[in-house]
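**Q** I have a structure I would like to understand better, so I am pasting it below and will then ask my questions one at a time.
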Amino acid sequence: MVWKWLGALVVFPLQMIYLVTKAAVGMVLPPKLRDLSRESVLITGGGRGIGRHLAREFAERGARKIVLWGRTEKCLKETTEEIRQMGTECHYFICDVGNREEVYQMAKAVREKVGDITILVNNAAVVHGKSLMDSDDDALLKSQHVNTLGQFWTTKAFLPRMLELQNGHIVCLNSVLALSAIPGAIDYCTSKASAFAFMESLTLGLLDCPGVSATTVLPFHTSTEMFQGMRVRFPNLFPPLKPETVARRTVDAVQQNQALLLLPWTMNILIILKSILPQAALEEIHRFSGTYTCMNTFKGRT
């Protein structure tokens with residue numbers, strides 16, 4: 001028993017060195033990309049914003065079928081028609097992911113009409129942009145139901161079949177606010193932090209599930225209607241991301257089987273700073289960068 005324990009202690013650091021070296025080499029050499037030609041992709045919140053750009057990106061890269069879920073039929077119709085004109089089979093279903101029964105019902109309808117889903121992109125989200133004391137209780141609940149619990153329901157609906165097929169990918173379009181919250185968006189930050197923990201646990205739980213993996217994307221502020229009006233102190237230094245950039249990098253991560261993606265890459269520094277700086281220093285960074293007051297001009301949509 002002692003020798004086995006000592007052997008494990010010796011092997012473990014060697015494994016770490018190998019894995020770090022492998023990752024470093026992978027950053028230099030072009031990785032092997034996943035072929036999407038046989039994949040059926042379902043995108044929640046797929047009618048507009050990042051969801052629409054994700055549909056375009058998957059279609060351009062040869063996805064076999066694309067399914068869009070959302071609450072606004074007009075937007076879903078527009079995106080569906082655009083994807084069909086690109087030559088890709090596309091369907092849409094009106095579905096509120098915050099409604100568990102509706103998710104399970106629509107998932108059944110998708111399987112009957114379209115077939116098996118092999119890539120699930122949890123993109124749907126809402127934000128109300130208020131402090132805790134200014135927030136309506138129902139609005140707070142809605143954020144948790146859509147942004148967090150909605151991912152529980154969609155994943156439970158589609159993951160079992162992926163495991164049977166030994167082919168699947170769960171994608172979470174999260175936010176860097178999951179790691180660094182700001183005032184004025186307490187509902188959104190809380191729900192995104194919870195969704196991040198959900199994906200972290202799910203990703204580890206899939207380690208011994210061949211052919212099935214997960215990707216979490218944490219982008220900085222993106223120039224969509226959702227956060228319209230949000231302003232940082234130095235917009236030229238911290239410009240918002242373009243939704244097409246987020247979509248492109250997300251599909252890259254799926255094809256490369258990348259578990260975690262922060263956008264832009266400088267957001268990785270945020271993790272380091274939060275682990276080494278005292279709270280007072282972190283608070284001063286929020287004041288200096290303008291994130292402390294960036295939601296004061298918020299006009300976005302829910």
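In case you wondered, yes, glycine gets a Cβ from its N, Cα and C as well.
Got these off Swiss-Prot a minute ago, pasting:
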type: TRANSMEM; residues: 9-29; note: transmembrane segment
type: TRANSMEM; residues: 170-190; note: transmembrane segment
type: BINDING; residues: S175; note: substrate binding site
type: ACT_SITE; residues: Y188; note: active site, proton acceptor
type: TRANSMEM; residues: 195-215; note: transmembrane segment
type: TRANSMEM; residues: 258-278; note: transmembrane segment
**Q** Mind checking which residues of the chain, 6+ beyond the ends of the transmembrane segment (170-190), have their Cβ under 8 Å from one of its Cβ atoms?
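**A** Distant contacts of the transmembrane segment (170-190): 50, 54, 119-123, 125-132, 135, 139-140, 143-144, 147, 151, 155, 159, 162, 196, 198-199, 202, 206, 212-220, 246, 250, 253-254, 262-263, 267, 270-271, 274, 286, 291-296, 298.
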**Q** Using a Cβ cut-off under 8 Å and a sequence separation of 6 or more, which residues in the same chain sit near Y188 (active site, proton acceptor)?
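**A** Once residues fewer than 6 apart are set aside, Y188 (active site, proton acceptor) is near A125, V126, V127, H128, G129, S143, N147, S175, L177.
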**Q** DSSP three-state call for the residue listed as 'active site, proton acceptor': helix, strand or coil?
**A** helix
**Q** Across all chains shown, how many C-beta atoms besides its own are within 10 angstroms of the C-beta of S175 (substrate binding site)?
**A** 25
**Q** Tell me whether the residue listed as 'substrate binding site' sits in a helix, a strand or coil according to DSSP.
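**A** The three-state answer is coil.
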